[in-house]
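Novice: Could you have a look at this structure, given as structure tokens, before my questions?
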Amino acid sequence: MDATTSSGASSSLPLHLIIDDALALVSPLQQSFQRSQRHCFGDSAPGEFPLAANPSIVLHVLTSCNLEPDDLAHLEATCTFFRKPANFPPDFQLSMSELAALDMCQKRAVFKPMNQEEREMFKQRCGGSWKLVLRFIMAGEACCRREKSQAIAGPGHSIAVTTSGVVYTFGSNNSGQLGHGTLEEEWRPRIIRSLQGIRIIQAAAGAGRTMLVSDAGRVYAFGKDSFGEVEYGAPGSRVVTTPQMVESLKDIYIVQAAIGNFFTAVLSREGRVYTFSWGNDMKLGHQTEPNDVQPHLLAGPLENIPVVQIAAGYCYLLALACQPSGMSVYSVGCGLGGKLGHGSRTDEKYPRLIEQFQALNIQPVVVAAGAWHAAVVGKDGRVCTWGWGRYGCLGHNNEDCESVPKVVESLINVRAIHVATGDYTTFVVSDKGDVYSFGCGESSSLGHNTITEGNNRHTNFLSPKLVTSLKRTNERVAQISLTNSIYWNAHTFALTDSGKLYAFGAGDKGQLGTELVAQQSERGTPERVEIDLS
């Protein structure tokens, strides 16, 4: 029943009146007069009373409960009170639901620095509604752990970011990729002191290279001084041993960086994708050189479609797009093994929509790009994989290639919330905090122990297997990160809800954050890294 037309209540006061303690000090007649003047819409002129100082109780409840944008839309659809102009600043024509969405947007770090013109342009790009803007921002927060702690298992080196934005690095440092001003390896997590006063919200690692994104939208890079041939470095390229701001991006507010094998990509606050290098044959829709330091807007359909997450694999890029009609995935680059998801193995010079998700009735919420295969988690918790199926990394109980996304049937009773991919390896995290892994078991990076589980710890798994060694920690896992490089032995991080970090896999360069005993080069079971990321 509509809240504005319901009957049977003993009081004649509408549900949305603002009542304060001061009314108890005046007569009943005066109370009735004041109440009639303080409702959200009616005969009173906007601004006649200090509504901004005494906001509606309903608006306060909507914003403090952190409702989903879909919930706000449902309120508008079922009750005229939430559809009518609320007569509140900053826009007296906005409905209560739109005001609640705008208020929740204003609490986000990426939204606060925008001026009024930027905000209006942002709203139009997202579909013309503050609810759609909120959905866009929340989607990016969910899939990228923006403004939350995170750990990155790079090729030979590691990055850990605390909730407050402090950065630790450890492991291989032959190109200065740890950012400490030296080329010496670090076997224990060490804070990057030169970043003091800068809050980092996202990190990316490539072979010999690190990129960090601050809450002010600035990008800092160090290690190999090249956006292109990351695995080997451009001929004669220098190394940078401390974080340096990327000058060519200083006028673009960046929220995410991703390092592929032959290119680098960044994502702006407004959902635009920019790429560096690897475009000399129009492979990413533009002509560039491997040592190009200028960002280029990714041409094609994504110029006008906002993107919430990017994922870079070996010579290809995935983009998770957010439109009023729902979430979708686009792919561009090399199509070997079918990893672009279009039913073929041909390359794509411009981003192309992966249509299979519509056929599967899946709304993608997280994308992951491994070296040769890819994965997606749907809103309903289903997991899809596609690409090169070597070692069983697709989880379909075989090693076949799949050129379009296919649901991992053995996980059908698991509601997934996160997926991570590497070089022929896949990890899935469930809503209960359990972790499943499958694919290549080289360097013990799958987390399945040797003796206790009856398998060689290098065994490949063709279908998902519960990582019981993580379950025995009695911690709820929130994020998995694993090495995504074909040239480095892999290691894996498991970050828990409580901020604890566990590591296993290859550790010969100190990338596990602890020294190995008896000249071992890897560790088969998770061990705690002595660092608190909460």
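Even glycines carry a Cβ here, placed using N, Cα and C.
Per TrEMBL, the feature domain 'RCC1-like' maps to 149-481. Residues or ranges marked as repeat 'RCC1' by TrEMBL: 165-216, 217-270, 271-323, 327-380, 381-432, 433-498, 499-534.
Each of the listed features needs to be described in terms of its position in the shown structure.
Specialist: Per-residue pLDDT, averaged over the repeat 'RCC1' (165-216), rounds to 96.
Within the repeat 'RCC1' (327-380), the DSSP-based counts of helix, strand and coil residues read 8 helix, 25 strand, 21 coil.
The residues of the repeat 'RCC1' (499-534), classed with DSSP into helix (H, G, I), strand (E, B) and coil, number 0 helix, 14 strand, 22 coil.
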Novice: Mind checking which residues of the chain, 6+ beyond the ends of the repeat 'RCC1' (499-534), have their Cβ under 8 Å from one of its Cβ atoms?
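Specialist: Sequence-remote neighbours of the repeat 'RCC1' (499-534) are 149-151, 153-154, 156-158, 160-163, 168, 170-172, 185-189, 443-445, 447-450, 457, 469-470, 473, 475, 482-483, 488-493.
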Novice: As a quick check of your reading of DSSP, tell me how many residues in the repeat 'RCC1' (165-216) are helical, how many are strand and how many are coil.
Specialist: 3 helix, 24 strand, 25 coil
Novice: Taking DSSP states H, G and I as helix and E and B as strand, how many residues of the repeat 'RCC1' (381-432) are helix, strand and coil?
Specialist: 6 helix, 23 strand, 23 coil
